[in-house]
Amino acid sequence: MRIEEDLKLGFKDVLIRPKRSTLKSRSDVELERQFTFKHSGQTWSGVPIIAANMDTVGTFEMAQALAGFDILTAVHKHYTVEEWAAFINTASADVLKHVMVSTGTSDADFEKTVQILALNPALNFVCIDVANGYSEHFVQFVAKAREAWPTKTICAGNVVTGEMCEELILSGADIVKVGIGPGSVCTTRVKTGVGYPQLSAVIECADAAHGLGGMIVSDGGCTMPGDVAKAFGGGADFVMLGGMLAGHEESGGSVVEENGEKFMLFYGMSSESAMNRHVGGVAKYRAAEGKTVKLPLRGPVGNTARDILGGLRSACTYVGASRLKELTKRTTFIRVQEQENRIFNSL
């Protein structure tokens, strides 16, 4: 046993220090980025935000809607091959370039992903997702996926430390998914005591990944557009959003009505709700590590997407970054004890 004395920070612990700027308007900010990935060699350009691979967020409808904003969607792994085929038949090439195919690490998951990727060559992204990216089996699966799909861009996670980030990149991942426990419907930190404050995880993993020519996606912990800006400021190449995109018309959650008001269910992918739906219940040897919440219906996701992108542009103007790429170089974080004046938040 040992204790690390270094202070670790989450998004709520900091603000971005403003700096002189020559930008006249938020409209001057370029949010699109262009990446060439280490292993796949593929080049992609767009806004580096990803809708999370949760079945109440990462839906085909969400992919259609967010492609119009140049945003990616990691489509959840629970669609059948037939459902994928039907979606591909109606989706444009532009939509497909904004889609990630999500998979687990079982043999059945692998075979299903092989079939999905064979449906259309425009599917260039694979998202290999497990709750605990520290297992040797996971590393071996990433290597197997890289061998099977040498020209596909592979995103793999989740981890929170530099050495494991490096391990996954060296095993074939182009993008490493960073985050254990920060999600709005994740209870891993409560159930297990395991986790890492998200901003510090992003900073440390970005440093490790960029040294090897890899990239990271900050997954979880964003509750408002300012958190997205902080994640990019901390060095994230991509930011993945779950709760911020839940509860919309395109989100795919079940709608319930209480006292004349409609709500949409949103749950973590390790929650009892998710396991009841997909694997017949919580196994006897494990505990649920997610919760289910009811969100007021929020209308079309386009309104929220515009709000997020607008906040991100504004953050860039406050530090003089004319492009999103420049944000991390221009970011100075200050530690704080308050984020906002909350006097009217309950009204």
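Heads up, residue numbers simply count up from 1 along the chain you see.
Heads up, the Cβ atoms here are built off N, Cα and C, so glycines get one too.
Taking a C-beta cut-off of under 8 angstroms and a sequence separation of 6 or more, Ala108 (NADP(+) binding site) has no same-chain neighbours. What Swiss-Prot lists as NADP(+) binding site is 108-131, 216-239.
Its Cβ placed at the centre, Gly181 (K(+) binding site) has 24 other Cβ atoms within 10 Å. Sequence annotations record features per position, and here Swiss-Prot assigns K(+) binding site to Gly181, Gly183 based on sequence analysis.
In the three-state DSSP scheme, Cys186 (active site, thioimidate intermediate) falls into the strand class. Other Cβ atoms within 10 Å of the Cβ of Cys186 (active site, thioimidate intermediate), summed over all protein chains shown, number 25. Marked as active site, thioimidate intermediate by Swiss-Prot: Cys186.
Cβ neighbour count for Ile216 (NADP(+) binding site): 33 (other Cβ atoms within 10 Å of its Cβ, all protein chains included).
Cα separation, Gly181 (K(+) binding site) to Cys222 (NADP(+) binding site), rounded: 12 Å. Note: the Cα of Val114 (NADP(+) binding site) and the Cα of Gly183 (K(+) binding site) are spaced 29 Å from each other. On the backbone, the CA of Val228 (NADP(+) binding site) and the CA of Cys186 (active site, thioimidate intermediate) stand 18 Å apart. Cα distances from Cys186 (active site, thioimidate intermediate) to the binding-site residues Asn120, Val126, Ile216, Cys222, Gly234 are smallest for Cys222. Secondary structure at Val126 (NADP(+) binding site), taken from DSSP and collapsed to helix, strand or coil, is strand.
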